[in-house]
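Among the features that TrEMBL reports, transmembrane segment is placed at 61-85, 142-165, 172-196, 248-273, 345-363, 369-389, 401-424, 430-448.
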Amino acid sequence: MANIEASVAMGECNGVEYMGINEVPSPRVDNVSKVSALPLVFLIFYEVSGGPFGVEDSVQAAGPLLALLGFLVFPFIWSIPEALITAEMGTMFPENGGYVVWVSSALGPYWGFQQGWMKWLSGVIDNALYPVLFLDYLKSGIPALGGGLSRVIAVLALTAFLTFMNYRGLTIVGWAAVLLGILSILPFIVMGLIAIPELRPSRWLVVDLHSVDWNLYLNTLFWNLNYWDSISTLAGEVDNPKKTLPRALFYALVLVVLGYFFPLLISTGAIPLNRELWTDGYFSDIAKMLGGVWLRWWIQGAAAMSNIGMFVAEMSSDSFQLLGMAERGMLPEFFAKRSRYGTPLVGILFSASGVILLSWMSFQEIVAAENFLYCFGMILEFIAFVRLRMKYPAASRPYKIPVGTVGAILMCIPPTILICVVLAFSSLKVMVVSLIAIIIGMVTQPCLKHVEKKRWIKFSTSSSLPDLHGPTHESTESLIN
């Protein structure tokens with residue numbers, strides 16, 4: 001993790017000055033404030049994590065030892081490489097659209113669209129989790145929210161309220177994330193202090209390799225420690241992204257890992273193990289055992305606030321991605337329409353509609369489907385990262401991972417292997433549904449190009465954005481100022 005901060009300043013190559021691929025920021029509405037460092041840290045925190053809510057299944061799947069080790073080891077295999085790549089590519093292309101622009105620059109607009117489709121769909125699927133988790137934590141106190149019409153109404157009302165918050169502005173979302181983050185973390189600190197007399201270190205060492213549900217275990221780890229690249233889709237809204245983005249990723253990484261490991265450590269060490277009970281919402285039951293009903297309600301309230309934070313952060317990322325794609329001419333021009341608060345109006349509505357349509361799925365089905373699509377998108381990102389290192393070695397990289405091309409390739413191998421393992425453990429149902437979704441994306445792109453050619457719907461490319469495939473990018477020499 002220290003390598004992220006240590007190499008923040010890297011990007012200048014032997015004192016030679018280079019012309020950046022994207023020196024011009026994405027256009028935005030006047031008088032709309034950009035996101036500063038602290039809100040950006042908590043936006044990343046919520047796009048990746050939001051706290052330990054949802055990690056309970058890792059203990060049910062594999063027991064305390066493997067759960068604890070997973071949240072210590074997995075970041076080195078996946079989270080750190082993804083955060084480093086996001087820091088380099090996000091500062092190389094500091095505009096809305098993020099990874100869509102990276103892949104388009106490296107592999108062309110067709111694959112850029114596929115990247116956008118898969119990552120947007122996986123993001124919307126991911127966002128459908130949060131109303132489910134929100135109601136799961138409250139149903140023990142309010143049984144009516146467990147199912148039926150009242151649950152449906154609650155999902156719709158919650159989605160509408162949080163969608164309106166996104167509409168009101170990214171700055172509001174960012175500072176709301178700061179407040180919600182503090183309130184979500186605080187009860188676990190209190191629970192940790194209360195749990196100290198009850199800790200039994202031997203409970204942390206319990207493991208039974210013969211009873212591990214590897215599919216649930218890997219999907220839980222993967223879901224809770226990915227999406228570091230999501231913040232790149234709104235890089236154009238960040239204040240001085242070339243410096244702010246890498247630092248925010250570093251601090252968010254520390255916050256996320258501690259936010260998972262500490263609650264798992266105190267909870268597995270303070271109470272006798274019953275793996276069957278470790279499922280969504282179990283932290284609130286542990287809080288009641290350790291501190292009483294008041295702590296249980298506090299944890300449930302923190303879970304509710306956490307899910308609000310994750311929802312609004314994910315929706316911001318998804319909607320600004322659609323805006324960035326429209327500014328690049330990949331989607332119809334109306335997707336680039338902004339509200340008077342500077343937010344992507346059509347993108348927000350599309351993302352909210354997707355959440356409502358998918359909210360009927362179960363937690364495990366949502367996680368597995370989201371992970372499957374996300375894996376394919378990450379493969380394209382790894383290819384784009386390496387290809388741009390080879391294609392444009394002299395391009396400006398305000399933040400550059402301190403490895404050469406060979407090192408970049410080697411860094412992508414462990415997470416790629418992990419992707420293959422996660423895909424291999426997918427159920428047939430999830431695999432079929434996800435592959436159908438991928439095929440839809442492959443068909444949609446040429447259909448949209450046909451619609452554009454026939455001028456049935458207006459497409460346009462923002463004049464303030466650089467041409468990724470024009471004459472100035474046919475050789476690396478032309479990037480040198």
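Glycine is no exception: its Cβ is also placed from the backbone N, Cα and C atoms.
Between the transmembrane segment (369-389) and the transmembrane segment (172-196) there are fewer than 3 Cβ pairs closer than 8 Å, counting only pairs 6 or more residues apart in sequence, which means the two stretches are not in contact. Of the ranges 61-85, 172-196, 401-424, 430-448, the one with the most Cβ pairs under 8 Å to the transmembrane segment (142-165) is 172-196. For the transmembrane segment (172-196), same-chain residues at least 6 beyond its ends with a Cβ under 8 Å from one of its own Cβ atoms are 35-36, 38-40, 42-43, 45-46, 50-52, 165-166, 259, 262-263, 266-267, 269-270, 286-287, 290-291, 295, 298-299, 301-303, 305-306, 308-309, 312-313, 316.
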